[in-house]
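Here is the structure we will look at, set down as structure tokens.
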Amino acid sequence: MIREPQKSAKAASKSSAPRARSSVAKATSTKATSSKAASSKAAPSKAGADAGAAKPRTKGLGKGVIAVAQPSFRRERALIKRGVWPVAGCDEAGRGPLAGPVVAAAVVLDPKRVPKGLDDSKRLTADRREELFEEICATAQVAVAYASPERINRDNILRASLWALTRAVHALPDLPQHVFVDGRDRLATRCESEAVVGGDGLIASIAAASIIAKVSRDRLMCRLAQECPGYGFESHKGYGVPEHLAALARLGPTVHHRRFFAPVAAAWRKIEGVPAEQTGVTGDLFETPVDAGIAATL
């Protein structure tokens, strides 16, 4: 009699176990469902947060175009704060063409009147370069020097370029205490020289010099176009474009061409032995000023 209630209690316990497990399973299922619902609700807010995150400003840029920071006056100011003044930047234009001089420029910017929009001349339009050229000349110390094609033929393009850069620095009204030069090579100047690779895109003074050199050379090539018609100097500025190569083959080279550059050398071989006056050659516009050591100060 005593054992029967125990059995029934045990049976009751066994019968209640499935219900307990069932309720636990339901609770787990309900918890999982609510968790999924919560996560599905949270997902849109996360996506919204990502969508609202700050993105690089690309206004005005085409698809796939990377924004490039403009050169700054920061490194010049750091030197000025240490008492180093004047600080110049220098650069050249025209190392790659088949004809015309290398033109070098040196610029000392006024710390209080640094033109806005300075940049590597290659990243500017021709009209913008002209505008900045006038502004730089009106507010800064500027000097320009030329290395003629004859000097390039004699010394090679690198040495002629460094020579012109050095001349430009020494032609400044006030000799700088420090000069930044674009490229890998320091200059043999009477002041401290610092080479900066890609400097025309980093340092404002070099960017200004690149603009002065580019505009000065472009103007000179337009003058050469009048002296040597038919070569198209006014459009390609002496670079080896198809139009220029065709003119070389048709008219032959002038003394403004760099004799040891391959396309020019080939053109000379075709007319070897022909006197210069029979090839349409005229005098070198830059030979006298360069050999006389004159660097024009604008």
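Glycine is no exception: its Cβ is also placed from the backbone N, Cα and C atoms.
Taken from Swiss-Prot, the feature divalent metal cation binding site covers Asp91, Glu92, Asp182, and the record attributes it to sequence analysis. Over all protein chains present, the Cβ of Asp182 (divalent metal cation binding site) has 25 other Cβ atoms lying within 10 Å.
Here Swiss-Prot flags 8-55 as compositional bias 'Low complexity'.
Here Swiss-Prot flags 85-273 as domain 'RNase H type-2', drawing on sequence analysis.
Under the heading region 'Disordered', Swiss-Prot lists 1-57.
Annotated divalent metal cation site Asp91, Glu92, Asp182; additional same-chain residues within 8 Å of its Cβ mean position, judged by their own Cβ, are Cys90, Ala93, Ala104, Ala105, Leu165, Val181, Gly183, Gly199, Asp200, Ile206, Ala209, Ser210, Ala213. Within the set of binding-site residues (Asp91, Glu92), the lowest number of other Cβ atoms found within 10 Å of a Cβ is recorded at Glu92.
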